Amino acid sequence: MDNVLPVDSDLFPNISTNTSEPNQFVQPAWQIVLWAAAYTVIVVTSVVGNVVVMWIILAHKRMRTVTNYFLVNLAFAEASMAAFNTVVNFTYAVHNEWYYGLFYCKFHNFFPIAAVFASIYSMTAVAFDRYMAIIHPLQPRLSATATKVVICVIWVLALLLAFPQGYYSTTETMPGRVVCMIEWPSHPDKIYEKVYHICVTVLIYFLPLLVIGYAYTVVGITLWASEIPGDSSDRYHEQVSAKRKVVKMMIVVVCTFAICWLPFHIFFLLPYINPDLYLKKFIQQVYLAIMWLAMSSTMYNPIIYCCLNDRFRLGFKHAFRCCPFISAADYEGLEMKSTRYFQTQGSVYKVSRLETTISTVVGAHEEDPEEGPKATPSSLDLTSNGSSRSNSKTVTESSSFYSNMLS
């Protein structure tokens, strides 16, 4: 892998650096039109969908939870990559010529790595948050401020990882065209290039997916393998069901990312195994297809949220209410019904003590996509992915639930 969008120096570096021909990869106009339509779908769907996701969360107070702040970061990274890189990737891959100057060459090689890093580690943060909420429900949860700090740290690390590729990017004039390339420091075995590519692949793909896989495996075993006590109230059944729905949704999001990006990483590791592969005439079409699949990962999450989460579905219906084929939705499902909005477990606990009951931390930040507004909002607050917050459960009920869930 020469980088994360576009390919180092040219679509096919082994050819572009060793030939005097202007461009050996020219395809018929009808193919270009088809590919242009396919890439346009990505840009429009991703930008519009992710902007709506950010609006749904940030414009509605009850949607501002720890999990959803990370989803905002994920949506921002994906919308930005779709807007700033997809079209440029497509035109460069089709024409094999760089039209955008030195600055954008550096940005184009720099930003996608940072965006993908921010995306996958936002998913990792959500997995960690779900893990702590379900496996260690008594532990303190992240506050809104701490969540924002984590997001800033993610972006700082993302920019640091992407910096070398942006720094060494440059443009070069070849016979009849200009190409955008990465000039790594000279070394007989290209050791700097290889080490960097391997590190990037591990850090933005394999490592976070392993961490996420472990977290959701443990969470899944806890949620699905445990029996809910028969004498438990409907509230507990609803809370466990809510947790399961959120975990299912995030597993779909992560699996979609993994499937979309796996062929891309394999494609760019193959030159180290079979350098002659890039000499094949069909490789341009293969690259366009693999790149389309990778970039399409930016447009699926809004669709997943809309399909699997009632709150997001209400938000999308409201955002597109002007469309004749969109039925009117109960928009109040996104609004704050209760004036008692608790951001942390500590505040829930303190209020519960004043009410002479003991607050349960189960579900303190859990999302319940299927929950609707309750008749008694003073004792129940619903959050984003449907988080249901029970502010007054007895010690007996809580202990019974914990012992069963953690057994």
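Just so it is clear, glycine is given a Cβ too, placed from its N, Cα and C backbone atoms.
According to Swiss-Prot, the feature topological domain 'Extracellular' maps to 1-31 (among others).
Residues or ranges marked as N-linked glycosylation site by Swiss-Prot on the basis of sequence analysis: Asn14 (among others).
Here Swiss-Prot flags Asn18 (among others) as N-linked glycosylation site, drawing on sequence analysis.
Swiss-Prot lists 32-54 (among others) with the feature transmembrane segment.
The feature topological domain 'Cytoplasmic' is assigned by Swiss-Prot to 55-64 (among others).
Using a Cβ-Cβ cut-off under 8 Å and counting only residues 6 or more beyond its ends in the same chain, the transmembrane segment (65-86) has close neighbours at 5, 39, 42-43, 46-47, 50-51, 53-54, 57-58, 107-108, 111-112, 115-116, 118-119, 122-123, 125-126, 129-130, 141-142, 144, 147-148, 151, 154, 246, 295, 297-299, 301-302, 305, 365, 367, 383-385, 387. The annotation transmembrane segment is assigned in Swiss-Prot to 65-86 (among others).
As annotated by Swiss-Prot, topological domain 'Extracellular' applies to 87-106 (among others). Counted with DSSP, the topological domain 'Extracellular' (87-106) comes out as 15 helix, 0 strand, 5 coil.
Taken from Swiss-Prot, the feature disulfide bond covers Cys105-Cys180.
According to Swiss-Prot, the feature transmembrane segment maps to 107-128 (among others).
For 129-148 (among others), the entry in Swiss-Prot reads topological domain 'Cytoplasmic'.
According to Swiss-Prot, the feature transmembrane segment maps to 149-169 (among others), an assignment based on sequence analysis.
The topological domain 'Extracellular' feature in Swiss-Prot is assigned to 170-194 (among others); the stated evidence is sequence analysis.
Residues of the same chain lying 6 or more positions beyond the ends of the transmembrane segment (195-219) and with a Cβ under 8 Å from any Cβ of it are 1-4, 113, 116-117, 120-121, 123-124, 127-128, 130-131, 134-135, 161, 164-165, 184, 247, 250-251, 254, 258, 261-262, 265, 268-269. The transmembrane segment annotation in Swiss-Prot covers 195-219 (among others).
Per Swiss-Prot, the feature topological domain 'Cytoplasmic' maps to 220-248 (among others); the stated evidence is sequence analysis.
Residues or ranges marked as transmembrane segment in Swiss-Prot (evidence: sequence analysis): 249-270 (among others).
The topological domain 'Extracellular' feature in Swiss-Prot is assigned to 271-283 (among others); the stated evidence is sequence analysis. Under DSSP, the residues of the topological domain 'Extracellular' (271-283) split into helix, strand and coil as follows: 8 helix, 0 strand, 5 coil.
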Revision key, fill the gap. Cα-Cα, Cys322 (S-palmitoyl cysteine) versus Cys105 (disulfide bond), nearest Å, comes out at 40
Exercise for review: According to DSSP, folded down to helix, strand and coil, what is Cys322 (S-palmitoyl cysteine)?
Suggested key: coil
Review point. Based on Cβ pairs under 8 Å, which of the stretches 32-54, 149-169, 284-308 lies most in contact with the transmembrane segment (249-270)?
Key: 284-308
